[in-house]
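Asker: The compositional bias 'Basic and acidic residues' feature in TrEMBL is assigned to 1-11, 60-70. If you look up TrEMBL, you'll see 16-35 marked as compositional bias 'Polar residues'. Marked as domain 'E3 ubiquitin-protein ligase APD1-4 N-terminal' by TrEMBL: 154-223. Per TrEMBL, domain 'E3 ubiquitin-protein ligase APD1-4 middle' is recorded for 248-345. The feature region 'Disordered' is assigned by TrEMBL to 1-73. Summarising the annotation, TrEMBL assigns transmembrane segment to 95-119.
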Amino acid sequence: MEEPQRNEQHQLVRVATSSFASTSVDGPSTSSVSASHLVVEENQQENDEPVNIEGNSGGHHHDQEQEREQPSSAVSYRLNISMSNAAANQMRDDVWSCFAVLIAFWFFASLTIILGYYGSVSLELGPNCSRLVQPNPLFVQSLKAGELGKPKPGPILYGFYKPPPLDVEITWTQKHHAVVPKDFHKEWMLFLNKGSKVDISYSIKSLGASPLSLVIAQGTESLVEWIDDPSYPNTTLSWNIIYGSGNIQQEIPTSSSYYIAVGNLNSEEVKVELKFIVKSLIYDISQAYYSCPLSNHLCSLQLFLFGTTAAVLTSPGPAEDASDEDWYVKLSYGPRWIIYIIGSGYFNGHAYHFYTTEKENPHLYISWHSTRRCDDCPTLVSLEIV
């Protein structure tokens, strides 16, 4: 029997400071590694256990397996790389460019929201208008409304803690006696909510007149497209050729401004009588906490930051013997400046933090550590960038 022998080896390999530079075929690279340090430690222990073989007198031999400890080794690699000034400057310039783009994007996005999406707008209110206005309280702090031109009684601004239900149905009638010049048109604007219905009765009074075109256009853009090409029917919600007498019915699919227009492509003027019977769906204003007539002064409604504040603009029904009665209102939004200030401070703060960090640590350091416990064990790798 031989005594087990234990051998311990400890190897330490140190590679002194070396420099690496990368070049390409066309010329030197823009970045290089100025200095690197590599430390390799290898610890190896080998344990040899004795093997005992016992024989049997009967001529039969039995082998017994003895446990053997596998040699264990641990290999560690640590690599510190310090980037050169050229690489650090290039990376710093790239990061500064990203910050500049983000700050510029926030600036232009803020201007777009303040002056564009939530900029001042002029609205035309037809009879029995009930128009919901619900801006985002995160960007809008107040809502202001006032009549344009000479104020006259009619429009009212209501405020609600939450959007009111659209469940009040009213029926009203409006009559028009129109003289349509040749190659011209007449139009009437109504603001109608989704689910409303319009019944239009017409009667052409001019004897021997050629047919007219009667359309229902959704929004100003659709009306302009029809004016540019009156013979093209796909630009409007409803397009009809009328002559004599008759009626047209239309259900409203979306809450919007609608124009009922009559076009005359004949060589002489035409007289026509129109009667609108409208079944409108309007908002229930019984739960309003704020009410302000626009004819008195400029109305201002404050919006809650963490709420669902909503406003409704209303107008009265058509008066008798008044065929054309519209109101023009200017609607403006007061920005919630604190949100824009916080956003600007956020981007500027990150830019300042990067600047101070880069100033204190002008180089980029990469630390790489690899550990392997045995020959068959997986290698553990960690990478740290500071």
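Note: Cβ is positioned from N, Cα and C throughout, glycine not excepted.
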Asker: Mind tallying the domain 'E3 ubiquitin-protein ligase APD1-4 middle' (248-345) by DSSP state, helix then strand then coil?
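Answerer: Per DSSP, the residues of the domain 'E3 ubiquitin-protein ligase APD1-4 middle' (248-345) fall into 9 helix, 48 strand, 41 coil.
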Asker: Across the domain 'E3 ubiquitin-protein ligase APD1-4 N-terminal' (154-223), what does the pLDDT come to on average, as a whole number?
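Answerer: Its mean pLDDT is 92.
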Asker: With helix taken as DSSP H, G or I, strand as E or B and everything else coil, how many residues of the domain 'E3 ubiquitin-protein ligase APD1-4 N-terminal' (154-223) land in each class?
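Answerer: The composition, in the requested order, is 5 helix, 42 strand, 23 coil.
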